[in-house]
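Here is the structure we will look at.
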Amino acid sequence: TMPHSHPTNTSLSDLHLTGIPGLQHLHRWISVPFCIMYLVTLAGNSTLLCVIKADPSLHLPMFLFLSMLAVIDLVMSTSITPKMLGIFWFHSTAISLGACLTQMYFVHAFSVMESGVLVAMAFDRYMAVCNPLRYLSILTSPVVAAIGLATLLRAVVFMSPLTFQIHHLPLCSPAVVDHSYCEHIAVLKLACRDAAFSNTYSLSISTYVGSFDSLLIALSYALILRAVLSLSSPQARKKAFSTCSSHLCLIALFYIPGLLSMYMERYHQELPPHIQVLLADIYLLIPPAFNPLIYGIRTKQIRDGACKVISWRP
């Protein structure tokens, strides 16, 4: 037996990602929508950030949170998509253990941050609809920055132990991760030692973040709905509904596939692995591509800001 101070993962310098298990013959085709979604993500979120930065009238809490979301989406999709496309196009399945753990950390930490920012945006809408007169005096720039920092800290505190645990687990060869990125549970399956603690920890954190955050969001929207229904003018009601509906689309897009893929990974082993992997991929690829579209197209100030920015160009 190997001494414990020299775990197997020192010899496992490289892991191999299979891409989408069982659908390797379709990788080229699958890469097309994935590549398009990634390009849309890059273009949409960068445009959104440029428009918000260039137009001083958009330096409001709602758009500052939207900027945070755009940055998170850019980081999250960039941490997985280029590597995934490398697997699909060039069969470059090898990834070093360090790169794998870094990718895992970024994907999971930024998912937790995205969840936190969605809560902040729901609170922002609640303040705007239910407390409009005090909105700007409560959500000042330092408060918005503090909320952003808190979501970042929460993600770091939750996700660091997870990556640390895996780093210290001995991994067995063959070091093949049946996934298209270093998803935590898929990497855990390579552990030679019992990884029950790591498994339970990650399930508890995901469940806590998912349920606690969606509960806060649901509460905000219940209060908003109550306030909106008491508005006398149908015009005002329509406006409030349209703002909230785009948020709710995003929230559904983010939480439903995420929780589905997580629980299926653990409890429905009879499900074909490609279904689980595709669900996990979609959860990380679709929201970043659609967030700027849903907000950009549905938010009049952003449409106006974009027109302003375009018309300024000589």
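Glycine is treated like the rest: Cβ placed from N, Cα and C.
These come from TrEMBL:
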- 29-51: transmembrane segment (TRANSMEM)
- 44-295: domain 'G-protein coupled receptors family 1 profile' (DOMAIN)
- 63-85: transmembrane segment (TRANSMEM)
- 105-123: transmembrane segment (TRANSMEM)
- 135-157: transmembrane segment (TRANSMEM)
- 208-229: transmembrane segment (TRANSMEM)
- 241-263: transmembrane segment (TRANSMEM)
- 275-295: transmembrane segment (TRANSMEM)
The domain 'G-protein coupled receptors family 1 profile' (44-295): mean pLDDT?
85
Contact between the transmembrane segment (105-123) and the transmembrane segment (29-51) (3 or more Cβ pairs under 8 Å, separation 6+):
no
